[in-house]
Structures are given as structure tokens and as C-alpha cells.
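K.L.:
Have a look at this one before I ask anything.
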Amino acid sequence: MGFEGSANKVAVGVVRSDGAILSNPRKTYITPPGTGFLPRETAEHHREVILDLVQAALDEAGVAPKDLDVLCYTKGPGMGAPLVSVAVVVRMLSQIWGKPIVGVNHCVGHIEMGRVVCGAVDPVVLYVSGGNTQVIAYNEKARRIERRYRIFGETIDIAVGNCLDKFAREIGLSNDPSPGYNIEQEAKKGTKFIDLPYAVKGMDVSLSGVLTERMRRGECTAADLCFSLQETIFAMLVEITERTMAHCNTQDVLIVGGVGCNVRLQEMMGEMVKQRGGALYATDDRYCVDNGAMIAYAGLLAFMEGDVTAMKDTTCTQRYRTDDVLVTWRKDKE
Amino acid sequence: MTATAKRKASEVVDDAVPPTTTAEAATTTTTTTTTKVVDLIKNLGGYDNMISQGAEGRVFAVTFLGKPAIVKQRFEKTYRHPILDKKLTKSRLNMEARGMMRARKLGVITPTLYYVDTHQAAIYMERVDGASLKELIRAGAMTEEEMRDVGEEIGRVVAAMHDGGLIHGDLTTSNILLRARDQKVVVIDFGLAHNSIIPEDKGVDLYVLERAITVTHRSAAMFEHVMAAYKQHSRQWSASFNKFAEVRMRGRKRSMIG
């Protein structure tokens, strides 16, 4: 069973070791248009609903607590207060049910879920969400020596989801079901392409300038801005992914993270991958957006290799890089 | 060329994606542009002469007025909005040519620029006989001493560019060659180059280089030699180093919520 609560979603999921998802309920803390989610209020929301989610996850999966092998929770990265609110619940359940705990890196959860759902073997991973923008690969050398995911490119300032969310707030779009989704819908109505800053630095991108720049403009509709913003920042993301592919000599791409369910981004990435003769793997919002099953699955993989987190180590951390995790479970051919 | 993703010619033909380019003249229709580029590629000796496909363009080995040359042709990125694509292709082609010339004036060895075909977004330059730093490190072909010498040379070269107000923009180990005949450092691919004297830009340039050397190849010692030489040769090393440290922290911190 996996527990996730690093941002405004709280979720519990039950998975089997073969990747079958038995249940995956989730609740999102939605704030009114023009506002974002604050750590303390988000944690309050999570505390309110998490026990219902645990019950729902058990019922839906048709299992009893005694059938579970391990409880997995998001150790980080994420917002401190929401993370801790979930960790407390996991510690309590672990003691009541007598089950071991495994702490999971949120980003690795996304990657492993994407890999098992799509059946992608060794893709370049574009991880795009509210707090993360990274191009990750598990390349030849990483396999042999490091056994770690390696970040090839990332944002050097704000994350792409953060950029979109802030923009949605600025123009007063609804946060329900998510600001990114509403931008995507709005962008479909946009026709005029507005020139925005395009900042690719090697394999890294810079997104804050786009935001500052477009705030100064007023000569077009919100739809046009949504359209141009998407076209520009997604082009940047596709470009750094392509650079990483060329660098690592990889054919396939996997997109994970909340922004990954944006169909326009998937289209653009698909186009690029086709030009290079590879395949694109992407999932819909059930697996792209933060969920409990991904934490359960990534934790289970580590658990099967003998990893267990002792009670005293079941802490949370706001900063936990993807390349900090020792990948014990990947048995790729060398 | 950002990468040396070498592929066999036959594989590329199998892709069956008609290579197109955004010609400078907006009036040119897509069909004629396509035909022209197909002709161009034919003139370049077809895909048999293609030596690599980077993220930006295809690189062909040709003979230009009797000299061994390289042609780098930027292909259209169909995923991008046409306006954006045209803008980027044009500015990068221009910057590549200008950056290369400017670097030479600053005493940095780059391939000699032969010809720029703005219409087909192709750039003709000298074919440098040598290997990229990436290939050399990967192959383990360099001794500690050579790594130090090359590291110091890179530091000197980057300092010269920065002091002259030129930011390379994509300082990766694929874009640094060692010339076969004299083992001199040759810098290529100025497609992301720009003119700037702002320490921030220099810091980012150094950061990209650090990541390329240490993250991709795990040779932290080499980067130390780069930095030592940079400090020695750049008049504004202090400002650049400060910004570099700042940019580095930014990259580190970024792993946050999601």
C-alpha cells in the first residue's frame, strides 16, 4: 500500500508486485480561482480525508490489512507540512497492523509507475509537474557504476507546472480540476502566436522569464496567451529532451508528472520522437498525476530488494533529488 | 552538433520523414522547400555522407571547393509552431556563423567558416580532423596528465570567449574537439551562442560545462583544472565564479514538490 501527499493531492493505492493496480483513490485540495495551495491548509485537508482514503483503497482492492506486505510513503521531495501529515498516518498504521515501512522518492515513484504502465524499457524520462522539471535517463554508465537515475537537464529556476499554475492564477482560471487542464482547454481557442522568451541553456531551461515577460503584455486574449505559452514552453521541453536523446543515443521517451497528461505536450513530443524513429510513452491523468499506486509500486520494488526504512528514519525531506536514490531493482542488461 | 548520435545511413532513410527546412523567404511554399532540401541532400552525396544527426541538425561530410568540409543543415522541427521554428532556426544559424567568427577573433580555434546558405539553413565549414572530448573520455584514451593539459586549455579558451563577451551557450564535451594533428582544443557548435558580458550568462555557461564534464563523465578533477585555468586567464573571473556558485545552488535546490 502506498501513501502520497507531497503537494495538493493526497492518495492511497494498493498494487501487486507485477504492477497490477488494485485500487488507487485520490483527493485533491482545490483552492478558489486566483489562489494557490498553502502548506498548512493543504496539510489540514490531507489529515481530514486520509483515513477515508485508506478505507476506500482497502475496500476497492478487496483486501484486508493482513494481506498487505509493506506500507510505502513519500519521503520527499515536496511541501513539508503535507508530507509530514501523511507520514504520521503511515507510522501509526505500521504499528497497528505490524507492517514494515519503505520511504519512497516521489520522482522515482513517477518514473517506475510510468515504466510499468507503458512497458517502456529504457526511455529518456521527461518529468514535468508543479514542482519538478527534469530530463532523466538511466544510461549505460549509470547502470554500470552508479545505479542511479541521472538528471541531464532541468529547470534552473521555476518548474513548468509552477509556471502554468501561476499564469492560471494571474488570469483567474479555475483550479478545478487543475489549472494546467484549464489552460490546455483555453489554449485550444487561441489562434494568435505571441513571441515569448525562449530560454534553452544547454540541456537546461529557464522558465521564470517567460512568466515575467508575459505579465507585461495586454494586447491579446487570454486564450492567445495560453496558446502561446504552451507552444513556447513545451517546445523548450521537447528540445531539451531531444538533446538528451542525442547525447545518450536513446530512441524512446516517457513523459511523467502532472503536466505530462497535457495532450498538446504529448503531441509535440510524439512528433519529435517520430522524426528520430523512436516511440513515445505517456499516460493519462490516473497515473501521471500524483497517486498512491506509484508510491506503492516504487516502494515495493525496493522492498523486494530488501530495503526497509526503520521507524526512526521515517522522516520527510523537502529536498530529495532523483539522483540521490540508489536504484537496486533495475536489472537492465549491461 | 550537440551530439554525435551516430546512426547508419540506412536507418535514417527508413525514417521516411521528408527533411524540410524553413527557408528564410516566408513566401516559399512547403513543397518547393522540401524539394530543394531533398536536392541539397542529394548534392551533398545523400545520406551515405551523413556523419551524424544531432538534436539540431544533420551533419554531412562533403568537399567544398576541393577542401574537406562539413555541412550542418538544420531541419524543420515539425513539433514547433512555425513562427517559433522559423525564428529559432534563423537566429541560431546567424548566431552560429557570428559566434564562430567572433571566437576566432578572440584567439579560439574553431572550424573555418566557408559559406552560409540562409535559404536552406545550411552552414559550410572546415572539416576538423580529430575526436570529441566525449569520445576521448568515454574511450578512456587520455592519461591523467593529458586530462589536466586539456582541462587547462579549455579553461583558457572559455575565459578568452567570456572576456570577449561571447557566451557559447552549449559547452558540452561533444562540442569540444581535440585536433588530431596538434592536439589543440577546437570549439564547435555556436548555435546557442550569444553576446553578453553579464556574469550570470558566464556562470550558466560554466555550469553547463561542469555538468557535461562531471555528470556525464564523472571526471571532477578535470573540471577543477578548467576552473583553475579560467581564473588565471579571465580578468573577470571573480564575478563569473560568484554567479556560477549561485547558478549551481539553483540547480541543486530545484528538486522540490511535485
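Glycine is no exception: its Cβ is also placed from the backbone N, Cα and C atoms.
Remember, TrEMBL labels are computer predictions, not curated facts.
Below are the features listed in TrEMBL for this protein:
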- A:24-297: domain 'Gcp-like' (DOMAIN)
- A:His106, A:His110, A:Tyr127, A:Asp290: divalent metal cation binding site (BINDING)
- A:Tyr127, A:Val128, A:Ser129, A:Gly130, A:Gly131, A:Asp165, A:Gly180, A:Glu184, A:Asn262: substrate binding site (BINDING)
K.L.:
Looking at the binding-site residues A:Ser129, A:Gly131, A:Gly180, A:Asn262, which has the shortest Cα distance to A:Asp290 (divalent metal cation binding site)?
P.N.:
A:Ser129
K.L.:
A:Gly131, A:Gly180: which of these binding-site residues has the highest Cβ count within 10 Å of its own Cβ?
P.N.:
A:Gly180
K.L.:
Using DSSP and collapsing to three states, where does A:Gly180 (substrate binding site) fall: helix, strand or coil?
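P.N.:
SS state of A:Gly180 (substrate binding site) = helix.
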K.L.:
Let me know the largest Cα to Cα distance in Å among the substrate-binding residues A:Tyr127, A:Val128, A:Ser129, A:Gly130, A:Gly131, A:Asp165, A:Gly180, A:Glu184, A:Asn262, as an integer.
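P.N.:
Looking at A:Tyr127, A:Val128, A:Ser129, A:Gly130, A:Gly131, A:Asp165, A:Gly180, A:Glu184, A:Asn262 as a set, their Cα atoms extend up to 18 Å apart.
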K.L.:
Give me the non-local Cβ neighbours of A:His110 (divalent metal cation binding site): same chain, 6+ apart in sequence, Cβ-Cβ under 8 Å, ordered along the sequence.
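P.N.:
Correct list: A:Tyr127, A:Ser129, A:Val256, A:Gly257, A:Met294.
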K.L.:
May I ask which residues of the same chain, at least 6 positions away in sequence, place their Cβ under 8 angstroms from the Cβ of A:Asn262 (substrate binding site)?
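P.N.:
In sequence order, the residues whose Cβ lies under 8 Å from that of A:Asn262 (substrate binding site) (at least 6 apart) are A:Gly180, A:Glu184, A:Gln230, A:Phe234.
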K.L.:
Taking the Cα atoms as reference points, how far is A:Gly131 (substrate binding site) from A:His106 (divalent metal cation binding site) in Å?
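P.N.:
One finds 11 Å between the Cα atoms of these residues.
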K.L.:
What are the sequence-distant neighbours of A:His106 (divalent metal cation binding site), meaning same chain, six or more residues apart, C-beta distance under 8 angstroms?
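P.N.:
A:Glu4, A:Ser6, A:Thr74, A:Lys75, A:Gly76, A:Pro77, A:Gly78, A:Asp290, A:Ile295, A:Tyr320 - these are the non-local Cβ neighbours of A:His106 (divalent metal cation binding site), listed in sequence order.
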